[in-house]
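Step one of this worksheet: look at the structure below.
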Amino acid sequence: MKSVASKLLLGFGLVCAGLVLFGLLTFYNILSLEKIVADTANINRAIVELAINQAGVLVAVQNKDKSLLSSSVEGLRTSLDDIKAYQSDFSGENLKLLQESIAHLEEMIRITDSLIVDGVDQSIYDRFVELQAEIRNPLRKLVQNLGVENVSMTKNIKRNIIFFLVVVCAAAMFIAIFTTRNLTTPLKKLAVLVENLSHGVLNVEIEKIRSKDEIGKAAMAVEKLREILLDIITGINKASSEVSSSSEELSATSEELSANVNSISEALVSLNKEADENSATLEEFTASIEELSSTADSNSKSAQAMLESTQRVHEQVEKSTERIREITEKAHSTREMSENTKQALNRLLSMAENINSIVDTINSIAEQTNLLALNAAIEAARAGEAGRGFAVVADEIRKLAEESKAATQQIGEILGKLRDEINNSSKIVESTASAIEETASLVESIKDVFESIRIAMEDVQSRVESVAASTQEQSASLEELSAGVTRLTELLNKTRENTSSANSALQEANAALEELSASAQSLAELAQELQRRIEFFKI
């Protein structure tokens, strides 16, 4: 755990979780107990209602009361429906007992329906009485079983309550002891460390602490402080010794520095003269660089304009290529549609041939019908007056056959024209498909040309970009060079100014060196006082 709060919350959470689990289990057991009690009440109520309705049947039979018998039978049916509804609440032996009572109750209702108040069959009456016990006994056995389950469930609830109370109390005690040890152990170690620090003991480390909470972090922080103090005091002790010895060397060194200051002053005068000469040369060089920079900037702008033009051309080529690709797809689609149209025309031509065959058949039938009509007319003429009616019918059949033949001839002519039109349409579709194929081939060629143009434009664009980048780099390099020369000129001017200032400062430094010698003596005395105070700490 990384914090005291998390440890406390964990302990409290575990206890709460145990209590919640205990509550849930108790609640579940109580619900089960309530279900058993409710089932027992339902069965007892059913037993009472059955007894009332059965008694009503017996009274109705004895008193020959049809109305009472009808209401009692209806009550038995209601009880049967209620008991059937209870089946979902039981299982195993209890369910078998309930089903046994239901079967006997159904038999009782059937027997009751056959009872006649005015003349009761004694065997039916006796069977009714027997069924009362057969219905009641399983229900009573079921109530006894529910009572046993109730007692068993109550004992289980008591055992569970005692068990969980013991477990929760033991867990709470364990968590309390564990949490207390985790909190107090690092506090004791921290107290020892702080006491040592208060007495100046820096060379004793804290005992190892495994806790990573706020107390552990505080202990580690104090231990880190001890280490830092130990390093600081050790460093101060060492530094004070070094300062004491260095102060003597500083006094001797200050005298040597005074002699060197005079030599440096003479060198600065010479450096000032050379700076004046270099400044004039750099001004001429700056003018040349500015002229080159102007030319490079003009080249960069031209290359950039050319790059923009090539980019626009490349975009137009991309758009044209995409448009050609769309045209190619549409050409392929149109070619497929032409092929489908040609196939449809071929099917239509085949259908026309089939219709023509059917028309020929109809024409043949019409001719045969005409011959039959002629034969019938001849036979009617032979029959004389008796065959006159038959002759009229034969004449109508002949006319109908001739009209059918004329109609089939017209249909044949129409089919012939339709066949010619279909053949012409098929030829046109074939010509169209051929033209579309040629167009698609031409578009593919154009697409290849545009693809070559696009590749060439990409190459040109790449080369122009390279030129533009080179001119920009050249322009940037010249600008940097110009800026560098300007800075160098400024530096020479500042150097000239600084050498003058440094010369006067060196004169002042010479006087300061004398004061430094006196300060070195005071520093040695302070180092001795610091050494005496550090002796309080044990390192």
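The backbone N, Cα and C atoms fix where each Cβ goes, glycine too.
Residues annotated as transmembrane segment in Swiss-Prot, with sequence analysis given as evidence: 8-28 (among others).
The annotation transmembrane segment is assigned in Swiss-Prot to 160-180 (among others) on the grounds of sequence analysis.
Feature annotation from Swiss-Prot assigns domain 'HAMP' to 181-234. Mean pLDDT for the domain 'HAMP' (181-234) in this predicted model: 74.
Marked as domain 'Methyl-accepting transducer' by Swiss-Prot on the basis of sequence analysis: 253-489.
Positions annotated as glutamate methyl ester (Glu) by Swiss-Prot: Glu255 (among others).
The glutamate methyl ester (Glu) feature in Swiss-Prot is assigned to Glu284 (among others); the stated evidence is experimental evidence.
Marked as glutamate methyl ester (Glu) by Swiss-Prot on the basis of experimental evidence: Glu479 (among others). In this view, Glu479 (glutamate methyl ester (Glu)) is surrounded by 15 other Cβ atoms within 10 Å of its Cβ, with every protein chain counted.
The annotation glutamate methyl ester (Glu) is assigned in Swiss-Prot to Glu515 (among others). The DSSP secondary structure for Glu515 (glutamate methyl ester (Glu)) is helix. Long-range Cβ proximity for Glu515 (glutamate methyl ester (Glu)), meaning a same-chain Cβ under 8 A and a gap of 6 or more residues, is found for none.
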